[in-house]
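Student: Okay, here's the structure, questions in a sec.
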Amino acid sequence: MSLSNKLSITDVDLKGKRVLIRVDFNVPLDENKKITNNQRIVGALPTIKYAVEHGAKAVILMSHLGRPNGTPNPKYSLQPVVPELEKLLGKSVTFAPDCVGAEVEGIVAKADGGAVVLLENLRFHIEEEGSAKDKDGNKTKADKAKVDEFRKGLTALGDVYINDAFGTAHRAHSSMVGVDLPQKAAGFLMKKELDYFAQALEAPQRPFLAILGGAKVSDKIQLIDNLLDKVNTLIICGGMAFTFKKTLDGMSIGNSLFDEAGAKTVASLMDKAKQKGVKVVLPVDYITADKFDKDANTGKASDAQGIPDGWMGLDCGEESIKLYREAIDNAKTILWNGPAGVFEFEKFASGTKATLDAVVDGAQNAGKIVIIGGGDTATVAAKYGVEDKLSHVSTGGGASLELLEGKELPGVTALSKKIKLTPLNHPQADQTSKQRLALAICDFLTTSANDGTLTAEDKDSIDVAVNCIAESFKVDPSDKNALAAAVGSQNLLQIYSVYEKLKKTTAGASAGGDASSSPAGGEPTEEQKKEAEALKSKGNAAMAQKDYKSAVDLYTQALALNPRNAIFLSNRAAAHSAAKDHASARADADAAVALDPTYTKAWSRLGLARFALGDAKGAMEAYARGIEYEGNGGSDAMKKGFETAKRRVDEMQAEEADLPRSSPGATPGAGGPGGMPDLGSLASMFGGGGGAGGGGGMPDLSSIMSNPMFANMAQNLMSNPDMMNNLMSNPRLREMANQFGSGGGMPDLNSLMSDPNIAEMARNMMGGGGGGAGGGAGDSGNDQGSRQ
């Protein structure tokens, strides 16, 4: 099962379609049926909003809640989700009293204009899970014919299927594997999980480190065995480390956890590690307790001393933490599943906290990929509030564990494969690319024949043409899955234009050198991906040295090899921003969020670029989207950017509202008491008419003064002699005034405002307050620390 080739929501045309989304709204409810934690609903919002914003006719949401055991039970109704979902979406939500059947189909048929419909709990039907327990606790299986009927009922509700419930992906439930629609794609939550696990398990940046904790070796045998095929270093910590220490070294472990069944596999696992060249790191010292209790007496022990009888190891010691840090420092990709100690007890949380601090530092300051594999480790990240400081914290629990064990996830396997566009200079190009184009032509012809625009005679001719094309190119236009994979969200014209571009690329490559050196619009090879990652790392290093031009060049080279990589685009945006090329930064950040809306750093960089270009409202919107995708209320940096942009928007609105009242009767050019000075005379004084700017001329002053910010600044300046004297005492401004008087041109305003003293005076003239481009709206320097 490949994780990286699955269709995602951004690959599918949703316009005018009923979008059936499997979400995970299994939220906790109190005794009054009030939601006590809405994070699972918040997590689904990007996918729901994307469908609505991209023209879906209707968005139909289906989920389970609790374990109603295959029968309707008001205790587990999804109806309490409706008001919370309406509040978060800012629009009404229709609740369907069931999830299949004629009544539900009628509700969905009437839904239009991006309406959102929430279905009742899927697990009110035994056919969803396929089994249930009777009153005596005996398992009963669902009737196969009824399961098929249930699945057809779900399929009837949509035109496109989106799965955004990664936490249930390891279950072969009807809503996960039984919806039979031509296009079955991953939502943003699912896509993010698949992207990061693919990055770790299929193409990791090396050295690759796995940190595995937990209680029993027997619970993690399959996990350890699978990861030994993939990693360079393996840290084994937590309770299961004691089984390794006793089995391998005969160490006394006192009352510490010992797994008899797991002990039998320790030798074979260590043999495999040796064969694969994997370095295994085990703890060497311990924090001990006289009982398993948060108030236990504590002690210390080492390998040499062992742990005395009556005592148990509940955490690792300082020497072990040093070993863990060394392994973390040497790694580029880190996968962590299982805490280093009993972190729930404060006395025994130091090892886990120190390990967490080390991986956070690596992610933030060294560009390491850090993935938290769900379960207790995700709880650790949430407890210490660092979820937004790591590359990815999985929401999967059981699903992520099975994925790491190398198992197939039925909900992922069921998704459609993404079509790979083979470059025309590839040996298989004549077959693959032309077949795709042939299928697209067949689809276009068949649609034209059936949309009522052709006569019966013309339709017969079209049918003959379709059969001829299908036979010639060895394609089957009746195969819905093949057609969906070939066409995706593109129309025939788009596919043909790509085909033409590929031909031109081939011609250029043939004329100019090795045709295999470019991905030519297709999926980059593993070698190209590796080369692109290496170039990105060099770009990161150039950024750290403040060599922004080199960084831009290196990211551009990486993008030439892997052009659809949102991280590369976002990094280049950061480099452009640092070099004050904010227009290019905005273009790159726009492209990055279009490719991957869940990559929140791109939203931050888009906010920064828009703010620097004077689009405070656009910056505010970008930061808001970033906060939304980050979840949990957003990171501090993203919130700071939003607040700064919002403050500027509020200031501008206040300035626009206050300006006419602050200088009654004044016009730009009407001198006199209380009015603005004659700006035409001011222009002459500086050696040029109010021309278009440039060498020897002032910019168009009437255009400048139509901007409320500059008008207000000038008003404050002319009405305050002390401020004028203070302004003209600045040597930089005196130098510029001399330049104007001798016929020089108007200086670049960006250069002018880069002087912090002048920028501060300008803020004072405008009434104080708002931060400037470097005053908080996504400070590019701060953002670089978390650059991927």
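Using the three backbone atoms N, Cα and C, a Cβ is placed for every residue, glycine included.
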Student: Suppose you had to name the range TrEMBL annotates as region 'Disordered'; which of 404-438, 614-648, 649-683 would you pick?
Tutor: 649-683
Student: Could you tell me how many residues in the compositional bias 'Basic and acidic residues' (526-536) are helical, how many are strand and how many are coil under DSSP?
Tutor: 11 helix, 0 strand, 0 coil
Student: Counting by DSSP, what is the helix, strand and coil composition of the repeat 'TPR' (600-633)?
Tutor: 28 helix, 0 strand, 6 coil
